[in-house]
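Enquirer: If you scroll down you'll find the structure; I have some questions about it.
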Amino acid sequence: MSEKVFPKDFMWGAATASYQIEGSPLADGAGPSIWHKFSHTPGNTYNGDTGDVADDHYNKYKEDIALMKDLGLNAYRFSISWPRIFPYGKGKINEKGVDFYNRLVDELLKADITPFVTLYHWDLPAALQDLGGWTNRDIAYWYTDYADYMFQRLGDRVKNWITLNEPWVMAFVGHFMGEHAPGMKDLYASFSVVHNQLRAHSKTVKAFREENIKEGKIGITLSNSSHDPATNSQEDKDAARLAHEWTNYPLFLNPIYKGEYPSGIKEYASEFLPHNYENDLEEIKEKIDFVGINYYSGDLVKADTKSFLGGKTVERGLPKTEMGWEIYPEGFYKILKGVQNEYNPKEVYVTENGAAFDDKVVNQGVHDEDRIDYLKKHLEQALRAIQNGVTLKGYFVWSLLDNFEWAWGYSKRFGIVYVDYKTQKRIIKDSGKWYSQVIKNNSFEF
Ligand SMILES: N#[N+]C[C@@H]1[C@@H](O)[C@H](O)[C@@H](O)[C@@H]2O[C@H]12
C-alpha cells in the first residue's frame, strides 16, 4: 500500500443530524423535542435561529442523496429524531415518522450508500424532559424501548448503529453550562446524565444482540479534544490528564470496556456521581463492535485551582477555525492512537471531523481552500494512525451540508456543500469537489 493511500474498502462518508438538517420538526404527527423548545425560547440561540426549516431535508432528502452519489460517498451517517417516532417519547407510535426514515434508508441503498444510523443526536422528546429527561433513571428503559423498536423496523437494511452522539456534550453543555438543551446548570445533574446515558447505551447494546441483526454492528460516538499540558510541570500534566479523563473518550469507554470510571474521576469527582452508581457498573460493561471518534481541535491545559477538576484551557497561538478552535491535526493522531492503546477496539470510525470557515459564494462557487487544508492535514494524521496500528475503518466528514449549528444557529458553516438558506439551493464547495477526489483516489494526494 503506497504510504499515501488508505486501505482498500476504507469507508468514506459524511455526517449530519436530524434536528440540524431536517426542518419540519412537528410535521406528520411528530412531537416537539427539547431542541425545538430550547431554540424557540428567546435568547438561547444566535439570532433566535431554530430548526423549523434548517436544510429542509425532510422534503429534499432525495435531492441530497443524489448529491451524496455525485460526491461518490459510500456511506452516510444520519440520526433518527426520537420524537418523530414516539411523539411523547414512549407509548404512541407515529407511523409517518417511521415512514420517513424507511424512505430515507431505501433511497440510500438504491444509491449504494451504506447507512450509519445514530439513534440519539440530542433531540430528546420534550415530553420526557417533563419527566426529568436524562436525569431520570427510567430513561434507560424509555431509550432502550425506542432503540429496540428502530432495530425491528430498520434492522433488515441498516447494519451499522450508533447509540449516542457525544454524550459528554449532552451531559455538560446541556446540563452544566446551560448552553444547549435542556439549558440546565447543575453539575450533579450532569454526572447523573453521564451515568444514565451509559446505562441506556448498554441496555440497548444487549437489546441489539437479542435482535440478532444479520451482520449488525453497534457502537457509540464520543467527542474529543486533544489536551496537552501547558508546561512540563507536574501540576499542568495532572490537569491535562484529568481534563482528558473528564471530557474525552475515557469517561465512557472506561465504564464500557473496564467496568469503572477513570481513576481521576473516581478520585476527584465521585461526589457528583449518582448514589450507589457502582451497582450499575457491571451491567454497563458490555462489549461494543466499534468506537466512533469525533475530533475537531486540541488545546493546552494549565493547572488552575479555581476551575473544575483544577485545570483551564489556554491557547498556543495556532490558526483557528470560525468557531475559534485552534487547528491541531497532531491531536487527531494522539486521540486515535490513545483509544487503540487503551481499549484496543475491534474497529474505529471517525464519525465526525471538519471545520467551520467564513464561506462566501463567489461567481456561483465557494472556494474554501482553508477547509481543504484542514481536511487534508487531518486525513494525513488519520492515515498515520492506521499505519501505526489503529483499526480505523472509515471517515465521516462533518458535515455534508451547512446546517443548524445548535446555539450558533446558522452563523457557522461546516458543510462541504453550501446551503443558501433563503432559496435552499445547494452549492458543492471546492472542499466537496476535493473530498470527491479523495474518495475516488482513496488518498488525499492526487
Ligand atoms: N460544533 N460543532 C460541530 C459538530 C456539531 O454540529 C455536531 O452536532 C456535534 O456532534 C459535534 O459538535 C460537533
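Note: Cβ is positioned from N, Cα and C throughout, glycine not excepted.
TrEMBL annotations: computationally assigned, not manually curated.
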Enquirer: Taking TrEMBL at its word that Q20, H121, Y296, W398, E405, W406 bind substrate, choose the one of N74, N165, N254, N341 listed for that site.
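Expert: For substrate, TrEMBL names Q20, H121, Y296, W398, E405, W406; of N74, N165, N254, N341, the listed one is N165.
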Enquirer: How would DSSP class H121 (substrate binding site) in three states?
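Expert: It is coil.
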Enquirer: Based on DSSP, name the secondary structure state of W406 (substrate binding site): helix, strand or coil.
Expert: helix
Enquirer: Within 10 angstroms of the C-beta of E352 (active site, nucleophile), what count of other C-beta atoms is obtained when all protein chains are considered?
Expert: 26
Enquirer: What is the maximum Cα to Cα distance, in Å and rounded to a whole number, among the residues Q20, H121, N165, Y296, W398, E405, W406 annotated as binding substrate?
Expert: 18
Enquirer: Once the DSSP letters are reduced so that anything not helix or strand counts as coil, what is Y296 (substrate binding site)?
Expert: strand
Enquirer: Rounded to a whole number, how many Å is the Cα of E166 (active site, proton donor) away from the Cα of Y296 (substrate binding site)?
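Expert: Given the Cα positions, E166 (active site, proton donor) is 13 Å from Y296 (substrate binding site).
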